[in-house]
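K.L.:
What follows is a structure written as structure tokens; I'll ask about it next.
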Amino acid sequence: MDVSTLLQAQNDKFKSIEVDKELEIDPGLLLVSDLNPIDAEAYEANLEDHLQSTARDGVQALLAALFSLPIHSSPDGPVAKLPAPTYELPRAKPLPKPKPQTKWERFASAKGIQHSVKDKKVWDEEKQDWVNRWGRYGKNKELEDQWLTEVPANADVDFDPAKDAKTKRKEVIAKNTKQRDANLARAQKAADPKESRKKEIESTLQSTRKSTASMGKFDKKLDGEKKIRGIKRKFEPAEVSAANERKSSLAILAGLEGSSAKKARRAEQDGQGASDVVNVRKAVKFASGGKGSHSLARSASTQKGKTSFKKGKR
């Protein structure tokens, strides 16, 4: 029986794996670009068949390019490592900005603290089983559900241990929620360019206000301008204990002694004795007008004689 006719008919059902077109293939992006002109006759005769034939040629060329890449085995089967893309695809939107760090993350990075994720299950010695750390029947509700609780000695008569433990747990939840909302608000402000620009303008405006002689006190205020924050003076209380007053007085005396010692060392470096507080040489030069100590002594004796003569005349 001659089956060549049947085999030929069966083979005619399948198209050849070879593609005669020149296509631009980028395996890194799984991209095939067909830059050939459109066959007008095939396009007008049967649009659907023409589109299917064009798509088939592109997929066949892409598969041939993928099977030509180096392949290695994996648990999921043979895998081909794609090369770096050669065609640069434009983005419709800019790259997403990195998520800003929270206050704790900045502190941890500065101190070198490693982030560790707590397990959702903890071991319960009483039940001898793993229980949830949070949530329903969580370990954090242990004080609320236990049948016996130690009451502090200074507790009120109507003290409820279960209610107190529940209140503390709710306070922790409220604190964490508040911190999370603050982090989200801080991140939103940091991501908003208008907000950052607004802060920059406010900082520049405050610097300009402080550059005047009155520190911006008498300058004209703009609509919606915030009040400039200056250095607040800290006043000591009017009534203090004797120990605190004695401590502050000793601190003042110690500061005065330190300044006197510095002046003595400076005078000694200028050529005077350590016991002198005033530079005598400079004082004589200033009093005599640069003429010296002899001229100052003569003028002093002359002035003294004039005074005695006036007293005798009277």
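Note that Cβ sites are derived from N, Cα and C of the backbone, with glycine treated the same way.
As listed in TrEMBL for this protein:
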REGION    158-230  region 'Disordered'
COMPBIAS  160-202  compositional bias 'Basic and acidic residues'
COMPBIAS  203-214  compositional bias 'Polar residues'
COMPBIAS  217-230  compositional bias 'Basic and acidic residues'
REGION    287-314  region 'Disordered'
COMPBIAS  296-306  compositional bias 'Polar residues'
K.L.:
Can you name the far-off residues of the same chain, 6+ from the ends of the compositional bias 'Basic and acidic residues' (160-202), with a Cβ under 8 Å from a Cβ of it?
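P.N.:
For the compositional bias 'Basic and acidic residues' (160-202), the sequence-distant neighbours (Cβ-Cβ under 8 Å, at least 6 residues beyond its ends) are 97, 99-100, 102-103, 140-141, 143-145, 149-151, 226.
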K.L.:
When secondary structure is assigned with DSSP, how many helix, strand and coil residues does the compositional bias 'Basic and acidic residues' (160-202) contain?
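P.N.:
For that range the per-state counts are 41 helix, 0 strand, 2 coil.
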K.L.:
Count the residues of the compositional bias 'Polar residues' (203-214) that DSSP assigns to helix (H, G, I), to strand (E, B) and to coil, and report the three numbers in that order.
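P.N.:
Helix (H, G, I), strand (E, B), coil: 8 helix, 0 strand, 4 coil.
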